[in-house]
Amino acid sequence: MQEFTKFPTKTGRRSLSRSISQSSTDSYSSAASYTDSSDDEVSPREKQQTNSKGSSNFCVKNIKQAEFGRREIEIAEQDMSALISLRKRAQGEKPLAGAKIVGCTHITAQTAVLIETLCALGAHCRWSACNIYSTQNEVAAALAEAGVAVFAWKGESEDDFWWCIDRCVNMDGWQANMILDDGGDLTHWVYKKYPNVFKKIRGIVEESVTGVHRLYQLSKAGKLCVPAMNVNDSVTKQKFDNLYCCRESILDGLKRTTDVMFGGKQVVVCGYGEVGKGCCAALKALGAIVYITEIDPICALQACMDGFRVVKLNEVIRQVDVVITCTGNKNVVTREHLDRMKNSCIVCNMGHSNTEIDVTSLRTPELTWERVRSQVDHVIWPDGKRVVLLAEGRLLNLSCSTVPTFVLSITATTQALALIELYNAPEGRYKQDVYLLPKKMDEYVASLHLPSFDAHLTELTDDQAKYLGLNKNGPFKPNYYRY
């Protein structure tokens, strides 16, 4: 305290308490220490900011953080060698020359590497965030300083979220011809608000379960008037981003926010798809007792064979310590479930959408909300029971922690190749429907990442290739093969 009073700050004691609480819970790269707390009182929409080139075609928290953001991006590039390799290989050809890409993804150091790769390949990009809590403010500032029209900051309101998307789409003298989406909100906005723009889009690339589901709904209704690429169900996305990434980031997000010890804890994971499998593997390894809820008998049987009990949520809701949703569905955890939970039960979501937990039902007069840390709320019942809600039901790992850069390199490379494929495809190759990434591209993405492990592929002999009926250069598996 003597040291503190010796060096007073203009924000006084509040600044100290803020730095203590946030340093342990925010992402290391969230630059909480770089941001003056007085900044929080002014919405970025009300600020007049320009970058060093005099441009104001962006809206971020604080453009002065650009230098810190550039360091974050440079660090991410070190573990995204495959994407950088693709950038160097294709930079001379400019396969995206003339492409006007409007994007809505998480804005992190890793996605910044993707955005700058697209720009290096000839594209002109405008970007917003698909999650109101996952934006790294200093990275957004670095992109704005580099000339990318980015509209995003951490802690947007719902109104800010849609305003940012609209600013990306609606600009005089500029009309998007490609969409890169994560969750389907951008696609939905363009489809509803700017139908004439939507009809002229040359291709949509979507990377989430939620967004892909929306695209298939449009296609089934005969309303999808542009070709779309389902990146979420590509092998490199499903197996690496969904499975391996979540296996590591689920623990990171939970420990940063709650400091919970998992040994002996009872955890129910709703959904045993690739995300659920990754979460369960990590929790089991730390000694947690894991239950699974599933609607699909195949996934349920997999869970049983992996040593997990498959239950209905109602059967265990009173006894579990942690509830994790990863289904992509809505109202998986309802108010009835929340009412029956034990005191201090932790509730969080690992699916993309914020609809899995019925958070709206908790905003009632009889319940008290108490913010105890960044992205951590105690919802208090009249009898004193507390439920610990993380990130207000939004995506835990990107809202409350970080995700492994290497895995995001795989997804980003897949997205870049999908955009190149759709943009350069001859007329007639892709109709107005949803497509999977060609198998050959999936294998190419994987091959780009093998040098990081000093891995050496075995090559088929001519006789072996003939025996298997394969091309020596792939693809090596049919489209129906399940990895």
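Using N, Cα and C of the backbone, Cβ positions are placed for all residues, glycine too.
Listed in TrEMBL:
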type	residues	note
REGION	1-56	region 'Disordered'
COMPBIAS	17-36	compositional bias 'Low complexity'
BINDING	Thr108, Asp182, Glu207, Lys237, Asp241	substrate binding site
DOMAIN	242-403	domain 'S-adenosyl-L-homocysteine hydrolase NAD binding'
BINDING	Gly273, Glu274, Val275, Gly276, Lys277, Gly278, Glu294, Asn397	NAD(+) binding site
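Proximity to Glu274 (NAD(+) binding site), judged by a C-alpha distance within 10 Å, picks out Asp241 from the binding-site residues Thr108, Asp182, Glu207, Asp241. Annotation: Val275 are the binding-site residues among Gly273, Val275, Gly276, Lys277, Glu294 whose CA atoms are within 10 angstroms of the CA of Asp241 (substrate binding site). If you take the Cα of Lys277 (NAD(+) binding site) and the Cα of Asp182 (substrate binding site), they are about 21 angstrom apart, rounded to a whole number.
When the alpha carbons of Lys237 (substrate binding site) and Glu294 (NAD(+) binding site) are compared, the span between them is 22 angstrom. Between Val275 (NAD(+) binding site) and Thr108 (substrate binding site), the C-alpha separation comes to 20 Å.
Non-local contacts of Gly278 (NAD(+) binding site) by the CB criterion (under 8 A, 6+ apart in sequence, same chain) comprise Asn242, Leu243, Tyr244, Cys245, Cys246, Arg247, Glu248, Ile250. Glu207 (substrate binding site) sits 16 Å from Asn397 (NAD(+) binding site), taking the C-alpha atoms as the reference points. Calculated from their C-alpha atoms, the gap between Thr108 (substrate binding site) and Asn397 (NAD(+) binding site) amounts to 12 Å. Long-range Cβ contacts of Gly276 (NAD(+) binding site) within its own chain (separation 6+, distance under 8 Å): Val269, Cys270, Ile292, Cys299, Cys326, Thr327, Met350. Largest Cα-to-Cα span within the NAD(+)-binding set Gly273, Glu274, Val275, Gly276, Lys277, Gly278, Glu294, Asn397: 22 Å. With Thr108, Asp182, Glu207, Lys237, Asp241 listed as the residues that bind substrate, the site has a largest C-alpha separation of 18 Å.
For Lys277 (NAD(+) binding site), other Cβ atoms within 10 Å of its Cβ number 25.
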